[in-house]
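A.B. asks: Before I ask anything, let me first share the structure, which is written out below as C-alpha cells.
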Amino acid sequence: MTADVIDGKAFAAGIRARVAEGVAAFKASQGFTPGLAVVLVGEDPASQVYVRNKHRQTLEAGMESFEHRLPADTPQADILALVEKLNADPAVNGILVQLPLPDHVDADLVINSVSADKDVDGFHISNVGRLGAGLKAMVPCTPLGSLMLLRDRHGSLSGMNAVVLGRSNIVGKPMAQLLLKDSCTVTIAHSRTKDIEAVCRGADILVAAVGRPEMVRGSWIRPGATVIDVGINRIETPEGKTRLVGDVHFAEAMEVAGAVTPVPGGVGPMTIACLLANTLTSAHRSVGLPDPEGLTA
Ligand SMILES: Nc1nc2c(c(=O)[nH]1)N[C@@H](CN(C=O)c1ccc(C(=O)N[C@@H](CCC(=O)O)C(=O)O)cc1)CN2
Ligand SMILES: [Mg+2]
C-alpha cells in the first residue's frame with residue numbers, strides 16, 4: 001500500500017489566494033488595509049527565514065506588513081513598550097512575536113501583553129481559554145492549518161479516533177481542542193504515556209508534534225490512517241550535510257498510512273497561510289463583519 005501525500009504547499013497557496021481575495025473585498029468595503037506587525041528579537045537563523053517569508057507573503061496578500069527587528073539583548077521592558085504601541089495602533093490588526101525569545105525575556109509575559117483581539121498567534125491566555133470553552137477565539141496557526149488539511153481530506157471528522165502526540169501549548173493542546181470541537185474522540189499522548197506505540201495504532205488521525213526526528217515508525221500507524229506530521233527537525237546526513245525530517249519516519253509511514261503530510265511541504269507552509277487568514281479574521285472582527293468564510297475553525 002502506498003499512502004497519498006498531502007500537498008500542504010499547494011493547499012497553502014490556495015488559502016493565501018482566498019485571503020488575498022478577502023483582503024481586496026475588505027479594502028473596497030472598509031476603505032483601509034488590514035495590517036500585520038511581526039516582532040523578531042535576536043538573530044535566530046530559522047526565525048529570520050520565517051519572518052522574512054511572513055513579510056513577503058503578507059505583502060503578496062495585499063496587506064500592510066510592519067516588521068520590527070530588535071537586537072538579542074533588548075531589555076524586556078522595551079519589548080513590552082513596543083507591543084503596547086502596536087496594541088494602540090489602528091493600522092495594526094494582527095501582532096505576532098516570533099518565538100523562541102531570548103532567555104532573558106519572559107515569553108509568557110510578552111505573549112499576554114499582546115491585545116487578545118490582535119493576537120493572530122492565538123497564544124494569549126484569553127484565546128486559549130476561549131478555544132477550550134468552545135467560544136470564538138483566535139486559533140494558533142499550525143493547528144488551524146492541520147485541521148484544514150484534515151477537513152479537506154475527510155469532510156466530517158465526527159467520531160474519528162484522533163491521537164495527538166505532544167502536549168505543547170503551541171501545537172499539541174490547541175490541536176486536541178480543535179479535534180474535540182470537530183467531534184473526534186481525542187487522546188493526547190506524550191513522553192510518559194504507557195505503550196505509546198499501541199495508543200498511536202488506535203488512531204484514525206495521528207498528529208505528531210513532539211520535536212523528535214522520525215520517532216513515529218510504520219509499526220505505530222494503523223493501516224489507512226491519516227498522519228499529520230508537525231515536526232520540523234534538521235538532522236545531519238552521513239555525508240555531513242543537513243536535511244529536514246519530521247517526527248514521522250516518512251518512508252515507513254507511506255507503506256502503512258492512507259495519507260501523510262511530508263516534511264518539508266506539508267504542515268509548515270500552512271502555518272504562514274493561516275497567520276494571514278487570522279489577520280484578515282481579526283480585521284473583520286475589528287469592524288463587526290462576520291468571519292471570512294472557510295478561513296477559521
Ligand atoms: N510566534 C510564533 N513563533 C513560532 C511559530 C508560530 O506559529 N508563531 N511557529 C514556528 C515557526 N514558524 C512560524 O513562525 C514556521 C515554521 C515552519 C514553516 C515552514 O514553512 N516550514 C517549511 C520548511 C522551512 C525550512 O526549510 O526550514 C516546511 O515545513 O515546508 C513556516 C513557519 C516556531 N515559532
Ligand atoms: Mg510536547
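Counting starts with 1 at the first residue shown.
Placement of Cβ uses the backbone N, Cα and C atoms for every residue, glycine included.
Just so you know, TrEMBL annotations are computer predictions that nobody has curated.
Grabbed the feature section from TrEMBL, which reads as follows:
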- 6-121: domain 'Tetrahydrofolate dehydrogenase/cyclohydrolase catalytic' (DOMAIN)
- 140-285: domain 'Tetrahydrofolate dehydrogenase/cyclohydrolase NAD(P)-binding' (DOMAIN)
- Gly166, Arg167, Ser168, Ile232: NADP(+) binding site (BINDING)
A.B. asks: Please work out the number of neighbouring Cβ atoms within 10 Å of the Cβ of Arg167 (NADP(+) binding site), leaving out its own Cβ.
C.D. replies: 18
A.B. asks: Please list residues from the chain of Gly166 (NADP(+) binding site) whose Cβ is under 8 angstroms from its Cβ, counting only those at least six apart in sequence.
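C.D. replies: For Gly166 (NADP(+) binding site), the qualifying residues are Gly172, Ile188, Ala189, His190, Val207, Ala208, Ala209, Val210, Gly211, Val230, Asp247.
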A.B. asks: Listed binding-site residues: Gly166, Arg167, Ser168, Ile232. Which have a CB under 6 angstroms from an atom of ligand 2?
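C.D. replies: Result: Gly166, Arg167, Ser168.
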A.B. asks: Please report the three-state DSSP label of Gly166 (NADP(+) binding site).
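C.D. replies: SS state of Gly166 (NADP(+) binding site) = coil.
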A.B. asks: Need the DSSP three-state call for Ile232 (NADP(+) binding site) to compare against my parser.
C.D. replies: coil
A.B. asks: Calculate the per-residue pLDDT averaged over the domain 'Tetrahydrofolate dehydrogenase/cyclohydrolase catalytic' (6-121) and state the result as an integer.
C.D. replies: 98
